[in-house]
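See structure below.
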Ligand code: 6PG
């Protein structure tokens, strides 16, 4: 009886395309789905792409896998993942591997990994980015779990991943939940990148008075330079598209309420717990949230403020390009800070440069820019922030005037630009000699005797605010 090298259960579009990708690379794949019709349809439609071993029951599926078994689950994150694990784990043996390729929360992955480890089963929480097309033609793959499981899985995953300059966009991220953590931050950065692009569009439209088709051309030009990326490329496509029914620009017929499935929110929640400032990602999540509050927006429509009139002259698009590049550097610096903080907190030992390297291809945030980040970490693996890397510091310096002008223009004419604004504020906060945090400390000490430290002596102090205002050592 032929055995499969790997099995995929959950054959919705991501699972189906991942199974096809594996088969196309010559790996016999066992197939299973809750409803057998999907399994049948896959084999009927794509059976000639490789060796598929369809199974109707969980038992058949497991029996068709070579040992140690590699079982990939591609189901909805949350309860469905636990249900599938409960179904399959009793059928597995010590040394077998369960790969969860969904967008699971890393804390769930840590819990599942610990529980399955006790039974001798490797649980490999794996981030997979690239959407449907990526899953089929080469995604970016971020596997967590044990180093031992990566030995058995790595070659297969690297085989089907995207490849940039001979390097597969897949590497062992680190133990237990590290892979899903990094995928979560990838998505947070994705939110931030998308928000900055959206603000660029909004400014070009309202401050420069350009039409969507003209803005598409601007993005096309940007995509030939340092901003070259998948997100910039598809932005041009979306903006150039005309709605067939109305003849209007497509972007004008879409309801302006952005949705989200939760990974951006998780990135911010986790950053709050870790104490990492990720304002760019937070503002991106909030911007989607504001857009969705239809009642709130309706009630506020007549509030006073400037009409969004076109004020910018020629050359404004170049300024927006600089503001976008600078803000993007900040967004990525914040995301990588979170990865390093998570790695330290959970003892994952994540190689930040390697994460930039595997995001160069396959994933949604793939970009020329990521090679710069990889190089920055190669030059200084312990750098506290990407902002101080020579290349990025120079770009930030060069963007200064334009960046400030764009933020000021947005504020003056009433175009919301939370992403650009928070990025600039973060930048200015980091480079400030003194921050007003000293005053905050004074207030805390005043109302709650929370104490403060001094610039000139070690120790903690409290001023007797309600008394003679002398200072006591706390
Ligand atoms: C990817 C994407 C993918 C998905 C997002 C969309 O890396 O392939 O990030 O995971 O498209 O979850 O997220 P929202 O629905 O929250 O925008």
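Placement of Cβ uses the backbone N, Cα and C atoms for every residue, glycine included.
Together with 10, 11, 12, 13, 14, 15, 33, 34, 35, 75, 76, 77, TrEMBL lists one candidate of 103, 163 for binding NADP(+), that being 103. Per TrEMBL, the candidate among 137, 180, 450 that belongs to the substrate site alongside 103, 129, 130, 131, 186, 187, 191, 261, 288, 444 is 450.
Within 10 Å of residue 103 (NADP(+) binding site), counting CA to CA, the recorded positions 183, 190, 288, 450 contribute 183. Residue 130 (substrate binding site) falls outside any helix or strand according to DSSP and counts as coil. Highlighted here would be the binding-site residues (12, 14, 33, 35, 288, 450) whose C-beta falls below 6 Å from ligand 1, but none qualifies. Geometry remark: residue 288 (substrate binding site) versus residue 35 (NADP(+) binding site), CA distance 35 Å. Comparing the binding-site residues 12, 14 by how many other C-beta atoms lie within 10 angstroms of each C-beta, the top residue is 14. When the C-alpha distances from residue 186 (substrate binding site) to the binding-site residues 10, 14, 33 are tabulated, the minimum falls on 14.
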